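Over in Swiss-Prot, the protein carries these features:
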ACT_SITE  Lys161  active site
ACT_SITE  Ser230  active site, nucleophile
BINDING   Arg51, Ser82, Gly83, Arg193, Ser230, Ala231, Arg324, Ser343, Gly344  substrate binding site
BINDING   Glu297, Ala346, Gln349, Gly350, Pro351, Gly354  Mg(2+) binding site
REGION    1-103  region 'RU A'
REGION    111-247  region 'RU B'
REGION    253-363  region 'RU C'
SITE      Ser320  site 'Important for substrate specificity'
Amino acid sequence: MKTRVTRLTVAAPNDVSALAQAIESGEVDPTRVIAVLGKTEGNGCVNDFTRAFATSTLKRFFAERLALNETEVDERIAFVMSGGTEGGLSPHWLVFEVDDSAPSRDTTTPGLAAGVAFTRDLRPEEIGRTSQVELTRDAVLRAMAAAGIQRVEDVHFVQIKCPLLTAARINEAAARGQSVACHDTYESMGYSRGASALGVAAALGDLPGDVRDEQICREWSLYSSRASSSAGIELLRNEVLVLGNAPGWDPEYRIGHAVMEDALDAQAIERALASVPGGDKIKLTPERLAGLLVKAEPSASGSIRGNRHVMSDDSDINGSRHARALVGGVLAGQLGDTRLFVSGGAEHQGPNGGGPLALIVRS
């Protein structure tokens, strides 16, 4: 078996020209695509419709290529669009394919394994609560099974797309006599991301016990070092992509992870590379970098290594947007590449002010 990752630069949220060219050249086989991750150039907030624009464009594109309707495409491909390319970050897509028929060229080295799973649609009153934690946990376990990953320690990154609350959704719940986790629609993004991340932590055995509603977005000592969740208005379910290394998968692509302890922790790249099977023999160059995924969030302390920051005090630009620009610049400077999947909002995803980082390399 083999997972292939193709990184494509895009000119706009509806730009499928690079993807079409990759398919025409044989670089990408649309029948094997299981997920498309994308950084779009919106604000990453509630009213960022670049995510929905890109998702609807991609669904229509694959429906035409696969001779399916969009509902059928929705059942086989996870579309995870993360808004916000602040600073020098470059909008791009990461296309994940799985070829079940490809034999591994090296049976001694585990290779990149990928699997997807979806929850059912969440009701508004379930977003940001234990129901979302439990549904996510179950979906992560199903995605692991789809990837053939048997040990939780072989999972290096779990990327999730999750829903958020809108005024209409809050009112719909109230009409049925149901309460919601919060009434601020932007704040609901954090609750959804946090509950999703805790679902990953529960699936991977990183929690001391069951999660309670009152712990979500409050008890920050609970977190996953391998979860990345991105909230959006364009869906009602959680879409889960599990990435790890497993025997029997071709090792041309491999993954490793580490945790950025703060926004300046560029050394996390080296630690992530060290966790890649055979990573000590890999010299990381732009050609070998298949993808980088990382979470970013302003530290709640208001400082970075003892120096004050004002990311959380800016009334014009949300703090997560500042954090994406900062972390993106730190990592791009190390890698010489701005096509990095830097996602803001790291509730229960790594330590305060830091976040999980995953590195996909090509041998």
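Even glycines carry a Cβ here, placed using N, Cα and C.
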By DSSP assignment, list the helix, strand and coil residue numbers for the region 'RU A' (1-103), in that order. 33 helix, 30 strand, 40 coil
Determine which residues of this chain, when Arg51, Ser82, Gly83, Arg193, Ser230, Ala231, Arg324, Ser343, Gly344 are set aside, have a Cβ within 8 Å of the centroid of the substrate site's Cβ atoms, and list them as they appear in the sequence. Gly44, Gly84, Gly232, Ser320, Gly345
When the Cα of Ser230 (active site, nucleophile) is compared with the Cα of each of the binding-site residues Arg324, Ala346, Gln349, Pro351, Gly354, which one is closest? Ala346
When you measure from the Cβ of Ala346 (Mg(2+) binding site), which residues in the chain that are at least 6 apart have a Cβ under 8 Å away? Arg193, Lys295, Ala296, Glu297, Gly354, Gly355
Where does Pro351 (Mg(2+) binding site) sit by DSSP, helix, strand or coil? coil
CB-centroid shell, 8 A cutoff, Mg(2+) site Glu297, Ala346, Gln349, Gly350, Pro351, Gly354, site residues removed: Tyr223, Val259, Met260, Lys295, Ala296, Asn352, Gly353, Gly355, Pro356
Give me the largest Cα to Cα distance among Arg51, Ser82, Gly83, Arg193, Ser230, Ala231, Arg324, Ser343, Gly344, the residues the record lists as binding substrate, in Å as a whole number. 16
By the count of other Cβ atoms within 10 Å, pick out the sparsest of the binding-site residues Gly344, Gly350, Pro351, Gly354. Pro351
Helix, strand and coil residues within the region 'RU C' (253-363) as assigned by DSSP: 30 helix, 33 strand, 48 coil
If you count the other Cβ atoms within 10 Å of each Cβ, which of the recorded positions Ser230, Ser320, Gln349 comes out on top? Gln349
Overall pLDDT of the region 'RU C' (253-363), taken as the mean: 96
The correct DSSP tally for the region 'RU B' (111-247) reads 55 helix, 30 strand, 52 coil
Given Arg51 (substrate binding site) and Gln349 (Mg(2+) binding site), what distance in Å do their CA atoms have, once rounded to a whole number? 21
If I take the Cα of Gly344 (substrate binding site) as reference, which of the recorded positions Lys161, Ser320, Gly350, Pro351 has the closest Cα? Ser320
All chains considered, the count of other Cβ atoms within 10 Å of the Cβ of Arg51 (substrate binding site) is 27
